[in-house]
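Peer 1: Dumping the structure here so I can ask a few things about it.
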Amino acid sequence: CGVPAIQPVLSGLARIVNGEDAVPGSWPWQVSLQDSTGFHFCGGSLISEDWVVTAAHCGVTTSDVVVAGEFDQGLETEDTQVLKIGKVFKNPKFSILTVRNDITLLKLATPAQFSETVSAVCLPSADEDFPAGMLCATTGWGKTKYNALKTPDKLQQATLPIVSNTDCRKYWGSRVTDVMICAGASGVSSCMGDSGGPLVCQKNGAWTLAGIVSWGSSTCSTSTPAVYARVTALMPWVQETLAAN
């Protein structure tokens with residue numbers, strides 16, 4: 001897991017406001033969650049052939065689909081996999097009011113076929129550390145300006161630093177809890193439509209899922225950290241759910 005066949009190229013600190021187009025296929029775990037009309041509403045990450053992790057607040061149902069192997073949503077010619085969702089496992093501790101425990105696991109009805117452009121991200125162990133200042137990456141088809149009418153066609157990426165929860169609370173106060181991890185305030189920001197997608201950090205050469213795009217500034221301010229679900233804190237529930245299903 002976590003080693004793309006097509007290497008990503010990050011130009012350092014490039015939403016994904018102020019992001020840049022990704023190299024096609026270089027974030028092979030990134031999926032698009034689309035409703036029955038083909039509208040992209042959230043991102044997600046493949047963690048195996050059968051499972052996708054996304055944000056609980058995305059409100060995914062079994063009538064939505066997971067699209068894997070996509071880069072340009074404006075192209076009909078891409079070799080994408082449109083995968084039906086068999087079952088939705090929303091974290092029972094998720095609260096829409098506090099946005100805590102913002103994680104949902106999707107069991108695919110038919111497994112994804114792994115290829116050069118479709119593969120899994122690594123999950124962290126529950127005790128893994130992603131220290132403040134560590135440079136990580138986030139990807140998505142979210143808005144590139146908060147007031148944009150539509151989302152970009154091409155997958156966007158940005159490099160951004162982890163922000164400690166203590167520093168993050170300087171912006172957000174007590175809303176930031178230990179089931180969250182912050183990143184950004186560095187000239188880039190996740191934005192609407194990126195939700196559910198990955199915040200990944202490279203550990204020993206493999207990209208590992210540190211966060212799930214959860215919430216942040218309503219104007220996608222690039223000087224304010226965005227808040228992600230902290231995957232390490234949610235790993236006990238993830239392991240339990242995968243083991244039981």
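Quick reminder: no glycine exception, Cβ is built from N, Cα and C everywhere.
OK, Swiss-Prot features for this one:
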type     : residues      : note
DISULFID : Cys1-Cys122   : disulfide bond
DOMAIN   : 16-243        : domain 'Peptidase S1'
DISULFID : Cys42-Cys58   : disulfide bond
ACT_SITE : His57         : active site, charge relay system
ACT_SITE : Asp102        : active site, charge relay system
DISULFID : Cys136-Cys201 : disulfide bond
DISULFID : Cys168-Cys182 : disulfide bond
DISULFID : Cys191-Cys220 : disulfide bond
ACT_SITE : Ser195        : active site, charge relay system
Peer 1: Does Cys136 (disulfide bond) have same-chain partners at least 6 apart in sequence with Cβ under 8 Å from its own Cβ, and which are they?
Peer 2: Phe130, Thr159, Leu160, Pro161, Ile162, Ala183, Leu199, Val200, Cys201, Gln202, Ala210, Gly211
Peer 1: List only the single closest residue to His57 (active site, charge relay system), chosen from the recorded positions Asp102, Cys168, Cys220 by CA-CA distance.
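Peer 2: Going through Asp102, Cys168, Cys220 one by one, the closest to His57 (active site, charge relay system) is Asp102.
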Peer 1: Between Cys1 (disulfide bond) and Cys42 (disulfide bond), how many Å separate their Cα atoms?
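Peer 2: Here the two Cα atoms are 22 Å apart.
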Peer 1: Within 10 Å of the Cβ of Cys201 (disulfide bond), how many other Cβ atoms can be counted across all chains shown?
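Peer 2: Taking all protein chains shown, Cys201 (disulfide bond) has 24 Cβ neighbours within 10 Å.
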Peer 1: Around Cys182 (disulfide bond), which residues of its chain at least 6 apart sit with Cβ under 8 Å of its Cβ?
Peer 2: Ile162, Val163, Ser164, Asn165, Asp167, Cys168, Trp172, Val176, Pro225, Ala226, Val227, Tyr228
Peer 1: Between C-alpha atoms, which of these recorded positions comes nearest to Cys191 (disulfide bond): Cys42, Cys58, Asp102?
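Peer 2: Answer for the nearest of the recorded positions: Cys42.
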Peer 1: Check the disulfide-bonded residues Cys42, Cys122, Cys191, Cys220 for other C-beta atoms within 10 angstroms of each C-beta and report the one with the most.
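Peer 2: Most Cβ neighbours within 10 Å: Cys191.
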Peer 1: When the pLDDT values for the domain 'Peptidase S1' (16-243) are averaged, what is the result?
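Peer 2: Across the domain 'Peptidase S1' (16-243), the average pLDDT comes out at 96.
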Peer 1: Starting from Cys42 (disulfide bond), work out which of the recorded positions listed here (Asp102, Cys122, Cys220) have their Cα within 10 Å, and give them in sequence order.
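Peer 2: So far as Cα distances go, none of the recorded positions lies within 10 Å of Cys42 (disulfide bond).
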Peer 1: What's the CA to CA span in angstrom from Asp102 (active site, charge relay system) over to Cys58 (disulfide bond)?
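Peer 2: About 9 Å separate the Cα atoms of these two residues.
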Peer 1: How big is the Cα-to-Cα gap, in Å, between Cys220 (disulfide bond) and Ser195 (active site, charge relay system)?
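Peer 2: So the alpha carbons of Cys220 (disulfide bond) and Ser195 (active site, charge relay system) sit roughly 12 Å from each other.
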Peer 1: Provide, as an integer number of angstrom, the distance between the C-alpha atoms of Ser195 (active site, charge relay system) and Cys122 (disulfide bond).
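Peer 2: It is 19 Å, counting Cα to Cα.
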Peer 1: At a 10 Å cut-off from the C-beta of Cys58 (disulfide bond), count the other C-beta atoms across all protein chains.
Peer 2: 23
Peer 1: Taking just the CA atoms, what is the gap between Cys58 (disulfide bond) and Cys122 (disulfide bond) in Å?
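Peer 2: Computed Cα spacing between Cys58 (disulfide bond) and Cys122 (disulfide bond) is 22 Å.
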